[in-house]
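Pulled from Swiss-Prot, these are the features on record:
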- LYS44, ARG47, HIS76, ARG93: isopentenyl diphosphate binding site (BINDING)
- ASP83, ASP87: Mg(2+) 1 binding site (BINDING)
- ASP83, ASP87: Mg(2+) 2 binding site (BINDING)
- ARG92, LYS173, THR174, GLN211, LYS228, LYS238: all-trans-polyprenyl diphosphate binding site (BINDING)
Amino acid sequence: MTEVLDILRKYSEVADKRIMECISDITPDTLLKASEHLITAGGKKIRPSLALLSCEAVGGNPEDAAGVAAAIELIHTFSLIHDDIMDDDEMRRGEPSVHVIWGEPMAILAGDVLFSKAFEAVIRNGDSERVKDALAVVVDSCVKICEGQALDMGFEERLDVTEDEYMEMIYKKTAALIAAATKAGAIMGGASEREVEALEDYGKFIGLAFQIHDDYLDVVSDEESLGKPVGSDIAEGKMTLMVVKALEEASEEDRERLISILGSGDEGSVAEAIEIFERYGATQYAHEVALDYVRMAKERLEILEDSDARDALMRIADFVLEREH
């Protein structure tokens, strides 16, 4: 795991440099500070690193994908700022959320300006066909993120969400941006159509595994590792693969009990919900689905020539399920 973190640190520095070049001219100073708050707060920077590694894995120069990598991270940060407002989350990456420090109006503006700067980051690479194609990928991912968020919000009022609907939601909300990172990075590296498709699939599959593993950690990890109470997704009534599976498989009595616990905010009942997950194999099922997606992601890399970048992508796929938060 340490080796993967070193890889991410090395490649994220390239993206961070381009990000700071793009946002340094934001005025007034209050908006600049609000905009850079989460960017400088840390995070693993998996998405921009994947863009750079995908470029390198097809024989390109990672620097050629720096604009795309920066754009992907700017879009991710914009989405986090707005998510925190919508969910009224007060902490992010161990720091107070942007809206907590600067208020909601300024936080909305910070998200908006980062969203705008993302496109500036891409077009700084010129107007070649590669840049145009990569820009189209980035634009499409932004639409999907909004669609995914809307689906997620709609699920809060439903108890009949199917597994297919859930997978569509997490693909759009989480995996689409990761797939955009790997696809756009490959395009900037001059990849063949077959390589672009393979790397897009790789990003999609590890993105799906990433979100499912997040849901899984919420019930099997501990508060210290998570940085939040175990089962907080259950207390908040969030729809996860485990909830979908348990509601589908449970007896009428257990189903009604689980429904009464979801979104109740009662942390004392969370353990009971987790027991219901275990009873019907929902927890193990989620873990196995995530494992399958990682396996499929690694298989898609087999068409690439052996290289350090390809090896790093393989390691990152495994890292998705090795992380504890």
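Every residue gets a Cβ built from N, Cα and C, even glycine.
Taking the features listed in Swiss-Prot, we show where each one sits on the structure.
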residue	record	Cβ contacts under 8 Å, 6 or more apart
LYS44	isopentenyl diphosphate binding site	LEU5, LEU8, SER12
ARG47	isopentenyl diphosphate binding site	ALA69, ILE72, GLU73, HIS76, LEU177, ILE178, ALA181
ASP83	Mg(2+) 1 binding site	ASP89, GLN149
ASP87	Mg(2+) 1 binding site	none
ARG92	all-trans-polyprenyl diphosphate binding site	LEU38, ALA41, LEU80, ASP84, VAL98
ARG93	isopentenyl diphosphate binding site	LEU38, ALA41, GLY42, GLY43
LYS173	all-trans-polyprenyl diphosphate binding site	LYS144, ILE145, GLY148, GLN149, LEU151, ASP152, GLN211
THR174	all-trans-polyprenyl diphosphate binding site	GLY148, GLY207, LEU208, PHE210, GLN211
LYS238	all-trans-polyprenyl diphosphate binding site	none
Neighbours of LYS44, ARG47, HIS76, ARG93 excl. site residues, C-beta within 8 Å of centre, isopentenyl diphosphate: GLY43, LYS45, ILE46, GLU73, THR77, LEU80
ARG92 (all-trans-polyprenyl diphosphate binding site) in three-state DSSP notation: strand
CB contacts for HIS76 (isopentenyl diphosphate binding site) [other CB atoms within 10 A, all chains]: 24
DSSP-derived structure type at GLN211 (all-trans-polyprenyl diphosphate binding site), helix or strand or else coil: helix
Surrounding CB atoms that lie within 10 Å of the CB of GLN211 (all-trans-polyprenyl diphosphate binding site), all protein chains: 24
